[in-house]
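The following features are taken from TrEMBL:
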| type | residues | note |
| --- | --- | --- |
| BINDING | A:T105, A:S106, A:F137, A:P138, A:T139, A:D140, A:D206, A:H209, A:Y231, A:W261, A:T287 | pyridoxal 5'-phosphate binding site |
| MOD_RES | A:K232 | N6-(pyridoxal phosphate)lysine |
There are 2 protein chains.
Amino acid sequence: MSDTTISGAPALTDEAARLDAADELRAKRDAFALDDAVYLDGNSLGALPRGVPARLADVITREWGSLRIRSWEESGWWTAPERIGDRVGHLVGAAPGQVVVGDSTSVNVFKAVVGAVRIAQARGAHRDQILVDEATFPTDGYIAESAARMTGCTLRPVAAADVPTAVGPRTAVALVNHADYRTGRLHDLPGTTAAVHAAGALVVWDLCHSAGALPVGLDAHGVDLAVGCTYKYLNGGPGSPAYLYVAHEHQPRFDSPLPGWNSHADPFGMEPAYAPADGAVRGRVGTPDILSMLALEAALEVWDDVAIEAVRAKSLALTDFFLRCVGTYVPAGRVASITPVEHERRGSQVALRCADAGAVMAELVRRGVVGDFRNPDVLRFGFTPLYTGFADVERAARVLAEVLADGPADGRAGEPSESGVAG
Amino acid sequence: MSDTTISGAPALTDEAARLDAADELRAKRDAFALDDAVYLDGNSLGALPRGVPARLADVITREWGSLRIRSWEESGWWTAPERIGDRVGHLVGAAPGQVVVGDSTSVNVFKAVVGAVRIAQARGAHRDQILVDEATFPTDGYIAESAARMTGCTLRPVAAADVPTAVGPRTAVALVNHADYRTGRLHDLPGTTAAVHAAGALVVWDLCHSAGALPVGLDAHGVDLAVGCTYKYLNGGPGSPAYLYVAHEHQPRFDSPLPGWNSHADPFGMEPAYAPADGAVRGRVGTPDILSMLALEAALEVWDDVAIEAVRAKSLALTDFFLRCVGTYVPAGRVASITPVEHERRGSQVALRCADAGAVMAELVRRGVVGDFRNPDVLRFGFTPLYTGFADVERAARVLAEVLADGPADGRAGEPSESGVAG
């Protein structure tokens, strides 16, 4: 597939080679298990960091198999949620002591939203509304609805961009995605946070599609609470534990709806009465899932010498270059980007609206370019700067053009495939 | 340590050998990674099944590292919670389709108690009380308190044995432990369930200390909901995912407080409105923790040719024999069992009250007999029939007698060590 007659390809191929040669993150690719495919689905499941298999083998065989219960103390299992939380925190601009890892994103959304409502209501004013990003990945909306029902609030879906104007004296909390999972649009975290605060409410940010791809600056922007997963740009593995950020200033009033024994001030005292621990530990619930958690810890080692600003710069360069390659290779009108052009409104993915998107993505995967498909008509390509190169980007755009050229005529535009994730 | 002058030892050593020779589960020990220690802490963290390391290496290297997102479908990741749930269900007497694996025990207690309250209240009667086993492992009480607060109920702690008389027309749900984590006492699941039903309420059983050690019979006894962990007698590994049982009859009305996208009727439809899936899947929440979950699946393979009734018979023989050995070896008055003598009231552990329990357990561990210590004065020994033999039991009792003979005089009875789990 390297020789092609697509117009413009030689020039862009040369440019990709120059960009790769100048890429200061290029060597990081060797830290991941990759093959000949162009993997542009790291925004769904990050690739395997090469250090993980040996670390997990040691955790299983020695720490569990040989030390057994002694490992809760001797191997640092018990404190893993806050220790790894600090590592994640570093990547999203949180000083130590504010992040714990554990549970799923959904469960952490529940803790964060209920906890935020309780803090807002304890301030005295009558606040009984929860604003939620109306285009959110669905689980946040489902869980926010449950949180609203269980705290006597009502849920009001609004566009993320409209939160600053929708927030008001009745608002307890706004739950907003930093980057939209479908369009890749990056929302204004500093401005939205400031607007929510000006109205006396709290904001919970969902960082699933931004953490590890760009600077978040939780502390710098005064974010109240945040959640996120670790299996996308943080490469923690399938279903690796999520995290919860509770800013220092809110920790003394954070009142978790899931006060499990791991969040007790004296967990081994086995006291019948609950007394919450101080600090981020208050966000823990039950016994931490050690195998998945220590796989995540090993995966995070690839970040040791990486600046998130360099990641962001490369991410924007990759998505810029992809849009240029698509614009050059793909016949006009065949796809339309729904990802914002402006850098400050773009995350680390490009979403292209395309007729027959499901069938097109299946063929792309067959030809070694792995993205994913989102109902009803979106081709989604995620760019992980730690392991995606410019030649990958050029190849992805070129294969997309080939698939579209080879495929059925686009007479079926407006009748997209509904065949689901499998394609 | 095999030659000893302790009175009665030769006879009991011989008897242990005879019992081991006649043990039909003896060969199962080879399925676990064990060393020279006598491991009697499988009721805290089960030993490593030998099949786990190779399976996890394949999950990490091939399924994650090579297939990546394709594994959600091709490697069966997406359906793992209900597939593995059925395997767990088989061990606790639940027909397929009623158990899902995922989240921690604490999170599942929240789902089960809130879900049970909603079912009870939907029946029309005014039911606003939650009964909770007053001696419960603390997390159940903490979470039940939160569930009560968030559903407008009050929480009433009662002794597990008193639930049948305490339950009444105001009771929505009773949360009871099948086996007490401290004393090893087995509670009357059939009788208590019947009494709770007679009062029109629902019962949630916590099976952490019974699943994998004895027959539970969830379906046979008409249990409503149940939860349990998988890292004790099920040997799933540190912090392996817990499970939730919702009986078929309650599934259509089970209204989860954690309605994450994994419990949606069409999870990939990405619909903004929540619509619950049918069946046990309704108990799922977020993306399942695949590494820990598939380690558990591999661990459960040791059960393929095991009848839980045989496990129970051996468990009782082991605890009987341990009590006899302790009675023979340990000077009268130095320890007192708080585990019931009657088989029908005994789980798979023996708890001995002992002065200086913390220091005694530390010395036992140093001499190769691993149990654990529970505040303030309890030595706790768990017996896992799949890998514990009668010679282990005899040795544990003998070393205990030696430690007590070598240790400080028991003038400090009533002033137990408070040195915690590490002690």
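Including glycine, each Cβ sits where the backbone N, Cα and C put it.
Within its own chain, A:Y231 (pyridoxal 5'-phosphate binding site) has A:L45, A:G46, A:G237, A:P238, A:G239, A:S240 as residues 6 or more apart in sequence whose C-beta sits under 8 angstroms from its own. Put simply, A:K232 (N6-(pyridoxal phosphate)lysine) is 14 Å from A:F137 (pyridoxal 5'-phosphate binding site) when counted between their Cα atoms.
Taking only the Cα positions, the spacing between A:D206 (pyridoxal 5'-phosphate binding site) and the residue listed as 'N6-(pyridoxal phosphate)lysine' is 13 angstrom.
With respect to their backbone Cα atoms, A:T105 (pyridoxal 5'-phosphate binding site) and A:K232 (N6-(pyridoxal phosphate)lysine) stand 12 Å from each other. The residue listed as 'N6-(pyridoxal phosphate)lysine' and A:T139 (pyridoxal 5'-phosphate binding site) are 16 Å apart (CA-CA, integer value). You'll find the Cα of A:K232 (N6-(pyridoxal phosphate)lysine) roughly 24 Å from the Cα of A:T287 (pyridoxal 5'-phosphate binding site). In the three-state DSSP scheme, A:K232 (N6-(pyridoxal phosphate)lysine) is classed as coil.
According to DSSP, A:T139 (pyridoxal 5'-phosphate binding site) sits within a helical segment. Here A:T287 (pyridoxal 5'-phosphate binding site) comes close to A:N262: these same-chain residues lie at least six apart in sequence, with C-beta atoms under 8 angstroms from its C-beta. In the three-state DSSP scheme, A:T287 (pyridoxal 5'-phosphate binding site) is classed as coil.
Residues A:T105, A:S106, A:F137, A:P138, A:T139, A:D140, A:D206, A:H209, A:Y231, A:W261, A:T287 are listed as the pyridoxal 5'-phosphate binders, and the farthest two of them sit 31 Å apart at their Cα atoms.
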